[in-house]
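If you look up Swiss-Prot, you'll see His172, His176, His203 marked as Cu cation 1 binding site, on the strength of similarity to another entry. Sequence annotations record features per position, and here Swiss-Prot assigns Cu cation 2 binding site to His324, His328, His364 based on similarity to another entry. For Asn395, Asn447, Asn527, Asn615, the entry in Swiss-Prot reads N-linked glycosylation site, with the evidence type sequence analysis. Residues or ranges marked as region 'Disordered' by Swiss-Prot: 503-522. Per Swiss-Prot, compositional bias 'Polar residues' is recorded for 503-513. Summarising the annotation, Swiss-Prot assigns disulfide bond to Cys534-Cys582 and lists similarity to another entry as the type of evidence.
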Amino acid sequence: MTVQDKQRQILPLFEHLTSLTRGGLDRTESDVRLRRVGRLPRGTLFSCFHSEHLKEATELYQILYKADSFADFIHLAQQARDIVNEGLFVYSVSVAILHRDDCRGVTVPPIQEIFPDRFVPAETVNQAVKADLKRQSSDEDVLVEIQETGNILDPEHKLAYFREDIGANAHHWHWHIVYPPTWDASVMSKVKDRKGELFYYMHQQMCARYDCDRLSTGLRRMIPFHNFDEKLEGYSPHLTSLVSGLNYASRPAGLHLRDLVDFVDVQDMARWRERLLYSIDIGHVIDHEGQEIPLDAEHGIDVLGALLESSHDSLNDDYYGNLHNSGHVMMARIHDPDGRFRENPGVMSDTSTSLRDPIFYRYHRFIDNIFQEYKATLPCYEKKDLEFSGVEIVNCTVNAKAPNVINTYMKESTLEMSHGISFKGAVKVKYQHLDHDPFTYSISVENTTGDVKHATVRIFLGPTQDELGNRLRLNEQRRFYIELDKFHAELAAGKNTITRKSSESSVTVSHTPTFEELQRGEGVDENTTEFCSCGWPEHLLVPRGTYKGMDFQLFVMLTDYEDDHVGSHNGQTLCADAVSYCGAKDSKYPDKRAMGFPFDRVIKARTVADFRTTNMSFTDVKIQFKDQV
């Protein structure tokens with residue numbers, strides 16, 4: 001059976017899940033392996049942050065993963081579709097597809113087409129339903145424009161283009177099926193290398209990107225969530241779940257976290273935070289056996305990431321709790337903590353919707369601040385840690401329409417809704433998203449060693465000024481630096497010019513195949529390399545910038561590839577294009593250095609001149625927003 005044949009059998013599993021009738025299959029007819037699943041009622045909003053939901057989802061994806069053959073997998077999935085909760089089904093089947101060897105090359109269809117109601121405002125969905133009813137024929141095209149979810153009375157609405165970006169929200173959902181918190185290597189027979197560190201780094205970068213765009217729109221940097229008793233800002237998502245028929249709950253301004261009787265108390269959250277911070281201060285954590293595990297420079301961040309999330313790899317979840325996941329659930333249920341009003345939770349309960357809420361970023365900056373407490377215990381990098389002897393960056397230029405000027409603009413795209421919602425025919429939603437003109441890095445390098453050298457090229461971008469126009473100090477600026485690319489380059493003796501297109505970024509996914517493309521066999525390949533559509537959307541590679549041009553610094557650093565690379569990574573690993581945030585499938589993370597190096601630790605140098613070594617370059621660039629093109 002070809003990959004294309006497998007893909008065509010997979011796709012119907014994901015279609016029209018919002019229209020399923022309740023309890024379609026008689027449980028007595030189901031496969032005996034599925035007898036224990038189906039506990040979460042259909043129509044309930046599934047949350048991979050909720051431990052009970054996650055427990056059942058894990059049972060299902062492990063059953064599907066262990067299916068004897070591809071035919072057996074399809075058989076089980078088809079039955080499970082009629083038994084289990086809709087969101088739980090998609091989560092578990094997606095995890096299984098990404099990790100089964102006989103599904104290599106098969107692509108999970110885009111979550112925004114499976115559940116368009118998680119991405120498209122309820123007003124727009126309603127408009128689409130009315131337009132569909134009016135059309136005379138299924139061949140007649142229906143195109144509706146997306147509705148705005150706020151106005152200028154709310155300053156945060158300036159960031160709606162970022163928070164509500166379909167690609168960004170899909171990325172967050174996809175990352176969490178690539179790295180399920182309950183992943184058990186002893187059961188799944190595959191190790192997720194540096195999973196805890198990836199949890200830290202992906203979310204840290206998301207916060208840095210969000211702050212860069214806040215500065216681009218004239219807003220101040222976000223204020224981290226820091227107090228479990230603080231009153232939260234209001235938020236209304238304008239989303240309605242079609243599987244439950246209820247809205248994703250709004251959050252009135254002024255509410256604060258309250259105990260969830262059936263889940264977690266506010267005091268638990270405060271206690272877990274204090275235990276984590278204390279362990280960071282003393283330099284070790286206590287595992288389930290009472291042993292002291294050091295938070296060293298090499299593995300400490302990975303250990304801490306597992307504790308904070310908390311994942312199956314947590315060394316002691318009884319003591320350190322479940323801070324990150326529980327926070328998501330508490331904020332999602334802040335309006336109805338004891339369930340007396342039988343309301344849906346808010347968008348913070350779901351990985352495909354939580355980026356829409358401003359509190360997501362404030363909460364993750366709170367989480368990141370705990371990671372930064374650990375990073376502050378590590379020694380600052382010395383010159384010897386940063387240098388690449390005999391290699392000097394002579395010049396670096398961003399080649400675009402104008403040198404060192406990157407243009408951004410709002411671009412129109414469409415989303416097909418008819419695979420997720422039952423319509424007479426195709427129904428598309430037109431929406432706008434940020435995009436940028438393509439550009440190329442040109443890096444002039446001199447290799448004076450007399451030998452061929454192999455280098456890791458690391459490219460970051462960071463703003464130069466704060467919201468008041470003051471110059472950012474380097475140690476303050478480092479938390480704003482966003483990774484743009486990381487790749488291998490060969491340096492001949494003498495002068496070299498390294499060129500690299502922005503579209504080749506190790507951070508981004510270039511294109512996510514649509515349902516229709518997958519049905520035609522496009523984007524289906526056993527050698528596909530994007531793990532697997534997990535990367536940050538390419539159109540959001542750089543911040544928005546300003547109309548007059550916003551000042552940024554492009555940082556380029558070359559390090560010794562022989563010291564950096566991990567031997568098991570041969571550059572051809574399946575699903576490795578967006579490796580910076582997503583890792584490489586069934587392989588070790590291909591860079592020995594800390595994620596975010598060299599900006600992951602405190603920088604004592606007050607100026608660029610004091611920090612810079614010959615293998616570094618700081619280039620002034622502008623990002624200019626052109627509104628529409």
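Sequential numbering from 1, following the chain as shown.
Each residue, glycine too, has its Cβ placed from N, Cα and C.
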DSSP-derived structure type at Cys534 (disulfide bond), helix or strand or else coil: coil
Inter-residue Cα distance where the pair is His324 (Cu cation 2 binding site) and Cys582 (disulfide bond), in Å: 19
Non-site residues, in chain order, whose CB comes within 8 A of the mean position of the CB atoms of His172, His176, His203 at Cu cation 1: His171, Trp173, Trp175, Met202, Met206, Thr351, Ser354
Candidates His172, His176, Asn395, Cys534, Asn615, namely the recorded positions, that fall within 10 Å of His364 (Cu cation 2 binding site) by Cα distance: none
Cβ-Cβ neighbours of Asn395 (N-linked glycosylation site) (radius 10 Å): 11
Residue from His324, His328, Asn395, Cys534 whose C-alpha is spatially nearest that of His203 (Cu cation 1 binding site), among the recorded positions: His324
Check: same-chain CB within 8 A of Cu cation 2 site center, minus His324, His328, His364: Phe49, His203, Asn325, Gly327, Phe360, Tyr363, Ile367
Where Asn615 (N-linked glycosylation site) sits in the secondary structure, as DSSP reduces it to three classes: coil
Among His172, His324, Asn395, Asn447, Asn615, which are recorded as recorded positions, the nearest neighbour of Cys534 (disulfide bond) by Cα: His172
Rounded to the nearest Å - Cα separation of Asn447 (N-linked glycosylation site) and His172 (Cu cation 1 binding site): 40
